[in-house]
Amino acid sequence: MGLQRFSFFVTLALVARSLAAIGPVASLVVANAPVSPDGFLRDAIVVNGVVPSPLITGKKGDRFQLNVDDTLTNHSMLKSTSIHWHGFFQAGTNWADGPAFVNQCPIASGHSFLYDFHVPDQAGTFWYHSHLSTQYCDGLRGPFVVYDPKDPHASRYDVDNESTVITLTDWYHTAARLGPRFPLGADATLINGLGRSASTPTAALAVINVQHGKRYRFRLVSISCDPNYTFSIDGHNLTVIEVDGINSQPLLVDSIQIFAAQRYSFVLNANQTVGNYWVRANPNFGTVGFAGGINSAILRYQGAPVAEPTTTQTTSVIPLIETNLHPLARMPVPGSPTPGGVDKALNLAFNFNGTNFFINNATFTPPTVPVLLQILSGAQTAQDLLPAGSVYPLPAHSTIEITLPATALAPGAPHPFHLHGHAFAVVRSAGSTTYNYNDPIFRDVVSTGTPAAGDNVTIRFQTDNPGPWFLHCHIDFHLDAGFAIVFAEDVADVKAANPVPKAWSDLCPIYDGLSEANQ
């Protein structure tokens, strides 16, 4: 009883503190602490004391100065860390992108590092997470919102603030490095940091409060390590207006399948009868369904009783389909309107050997020297750059097309693929055999679909951002098993375009001096 009461008060404290946003200048203290977001107490990684990590906010044009102070002590979740600011282009600050051994050496425990980057031309919904091994699964993951004072969608909603951010988290009772290499499902789904597991049927659920007659811009963020979720709110349609930081033409849906690391803004009109309505986030595998309030939260109208909903789910009739998404403002597709009509086309063949994933016959093994440091030290060609077979130089100012055919040889589909440093045009989506060179959505994480559907997802982007940029499956357990490559973009200009601070240059000597137990 004592532990349960303690866990209840810990949960209350976490909820109370997790709503306070920080930024654009902030200190992030990364530490180990016991948490119980689903009523089960476990050691985890907290940022400024909370799980999920606190909301970071700013506005378009801001300079973000985010000082990461590593005080980690538990080697089973790693003592070092490195943070990726997901969705930001990091033009001129490739060193601040975050992936360990691609863009930097990890920050050692007992040290801090300042991520200092500008966001001149991006606004929308982003997130941040550890980019070292599977560390973000243990708690280092949180939402990041950049507001646009001139938001073209502003007339469509009345409320857009800290209370309208919705995070979806797969939560595990065992630390990622101590559990199975490929877990068969999470113990709980957390919505805004709260949820229930099979062993904690009375744990608190998140409550999202609305007032009748108001329109809310909700920012749905998948901070998942693995599953995708089908998200819906009983009795309400959702109007999607933003996709991964890209404004989109308004699209009315009644459910959203959201893959790991994707984000959507949707407008909800609180025009239904005052009451309580189930918010649902059903994972694609593991403990599915909603029995006893699992995979759920509560939408509560002002004036409704403090009670769990009694609403029932209806069959989705207008689910979100990616090919129905289009940018709000015209965004020309790089290249010419034919398959392969680009300066450089690459096909990525996926494989798996029971332990590791492969792309074009290479599994990504983190190099001891970060790719950016290799380039700054003079490495220029694929032959020079490590890991061998996993680094693809891309020419400057060129159009690039990547095909990612789904295959039964790479189990665990659909695999959501994320490209760092860019948003890309999705010219062929999962579930579709047609190519759209006119007005496809641009985004930074795309589902590569399933072999059963014969999917051959195809994306395009322009090389306008010198630096090494990771492309990888965002199922963190798959990334840790090598499901990644690096694009070394415009290698000749990387050094001039990305001046590195001295503190960055100090990271590797410090990290390389650590014993394995202190890494």
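Here the Cβ of each residue, glycine as well, is placed from N, Cα and C on the backbone.
Note that the coordinates shown come from a computational prediction; the quantities given were computed from them, not determined experimentally.
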Swiss-Prot Cu cation 3 site partner of H131, H420, selected from H75, H173, H472, H478: H472
Candidates H415, H418, H422, the one Swiss-Prot lists with C473, H478 as binding Cu cation 4: H415
Secondary structure of H474 (Cu cation 2 binding site) (DSSP, helix/strand/coil): coil
C137 (disulfide bond): tally of other CB atoms within 10 A of its CB: 30
N271 (N-linked glycosylation site), number of other Cβ atoms within 10 Å: 11
Spatial neighbours, same chain, of H474 (Cu cation 2 binding site) - Cβ under 8 Å, 6+ residues apart: F259, A260, A261, P416, F417, H418, V445
Three-state composition of the domain 'Plastocyanin-like 2' (159-301), taking helix and strand from DSSP: 6 helix, 70 strand, 67 coil
